[in-house]
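Scroll down for the structure; my scribbles are underneath it.
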Amino acid sequence: MPASSSTTAPLTEGPILRALLRLAVPIVLANLLQTGYQLVDAYWVGRLGAAAVAAVAVSFPVNFLLVALGSGFSVAGSVLVARNFGAGNLPLVNHVAAQSLVLTLSLSLLLAVGAYFASPLLLRLIGVGPDIFPLANRFQQVLFLGLPLNFGFLMFQALMRGVGQVRLPLYINLLALALNFLLDPLFIYGYGPIPGLGVAGAALATVGTQALSFVLGLVVMLRGTAGLKLSFRGFRPDTALMLRAFRLGAPSSVDLSARALGFSMMTILATGFGTTVLAAYGIGSRLLALGIIPALGISLACSTLVAQNLGARRPDRARQTARYAIATSFLGLLLVGAAIFAAAQPLVRFFLAGDETVAAEAVQFVRIAAASLCFTGVQQSVSGSLRGAGNTLGAMLLTLISTWVLQFPIAWYLSSHTALGFRGLWWSFVASNALAATLALLWFLRGSWQQADVLQPQVDALTGTAEEAG
């Protein structure tokens, strides 16, 4: 019989599209709230001056890369929990969830300590000038110390997603964003006995809200009111299980890190064409990142549904889920792309005022690239299907091909060896996204992604390990 609880049950019955949207919409909203952290920090830090703004900006790529590493292991936790939740094995669900949390906290502690001491070196490697170096280092080091809290909450969201509980993380994200908005001015500028810490205060406010989010998530899982019931005894390390979960999560970490590095490489290409092109790329890519959020939400929802249905021995329903996700993401991102195309000028003006040359190029970039968002949606949904089936290696290969074999070389060639010039960077999004979507669809149509033996040896091993531990 399918597993159930007082608050949630496997999504292995009923209309597939309804289940997909039920999961995807809260995930999309939660991701939008996550971007709110950056907007809130930008709002308050902006009043400290250009040096403070630059210090926060140069810290973003490194922090983004580290968070990508943690997100990869949360993908593994979500898939394993969803697979066993669909199979109705609640004791194994709870055991895997506890061990996934132990794994991510252990890795994040090591990463936090290493990154903290390596922070000055990292800033020198990316060429940070002496005028903003002290500010950037203080900001970055505080964020690095908060990595375990950040990773812990990412894992909480992933585990909740695995059992189909996506509204609770959304509410916690909303509470955390509101708290961050209140803490930012308090820690940045000070009040009464609380000293103003400048940019370090913005980082401290972020870490404080991450601490609240993680503690709330941990309490929810320990109380067992939202599909998972963890115990302190369950946190006793199960080395064999964590090693296998690590092998499943490592490709996802490489996957997400490759995307982060790809973004940095595109920025380097844009830098070669001067400040105007770099600024236009920066503004345009920020808008396009917001446009991709619906595709990411559908992809994560697809992973959960595919994993639950394969766990319930419903490969037919898993296949149908993947088809629905691909179609929904294509059509949804087509509409999002059309909306961004139509509203490109006011959207760019929201982020930039006064520089007509930069604004004009940013609008052109956004309108060109927006036409390819629907192809990104297809690729993301296929990758979500692969991850849900446990084929995280396949999803990683798709990302590596689309980013490093297609987009970066195409962008370099079009911008350096054709009459398009720097606008070749803009058109590379259309060419690479269309080719990547075609490749992803061909991979999907082969049908090998859904074969049970893609993950089954690891699942069987995990099951055996958990039963021995229980």
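In case you wondered, yes, glycine gets a Cβ from its N, Cα and C as well.
As written in TrEMBL, here are the features:
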type     : residues : note
TRANSMEM : 20-40    : transmembrane segment
TRANSMEM : 52-81    : transmembrane segment
TRANSMEM : 101-119  : transmembrane segment
TRANSMEM : 139-159  : transmembrane segment
TRANSMEM : 171-191  : transmembrane segment
TRANSMEM : 197-222  : transmembrane segment
TRANSMEM : 260-281  : transmembrane segment
TRANSMEM : 287-312  : transmembrane segment
TRANSMEM : 324-344  : transmembrane segment
TRANSMEM : 394-414  : transmembrane segment
TRANSMEM : 426-445  : transmembrane segment
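The stretch with the most CB contacts under 8 Å to the transmembrane segment (260-281), chosen from 139-159, 171-191, 287-312, 394-414, 426-445, is 394-414.
Among residues of the same chain six or more beyond the transmembrane segment (101-119), those with a C-beta under 8 A of the stretch's C-beta atoms are 62, 66, 69-70, 73-74, 77, 137, 140-141, 144-148, 150-152, 154-156, 159, 221, 230, 235, 237, 242, 245-246, 249. Taking residue pairs at least 6 apart in sequence, the transmembrane segment (52-81) and the transmembrane segment (197-222) share three or more C-beta contacts under 8 angstroms.
Within its own chain, the transmembrane segment (139-159) is flanked in space by residues 30, 55-56, 59, 62-63, 66-67, 70-71, 73-75, 77-78, 81, 97, 100-101, 104-105, 107-109, 111-112, 115-116, 119, 122-123, 169, 172, 199-200, 202-204, 206-207, 210-211, 213-214, 217-218, 220-221, 228, which lie at least six positions past its ends and keep a Cβ under 8 Å from the stretch.
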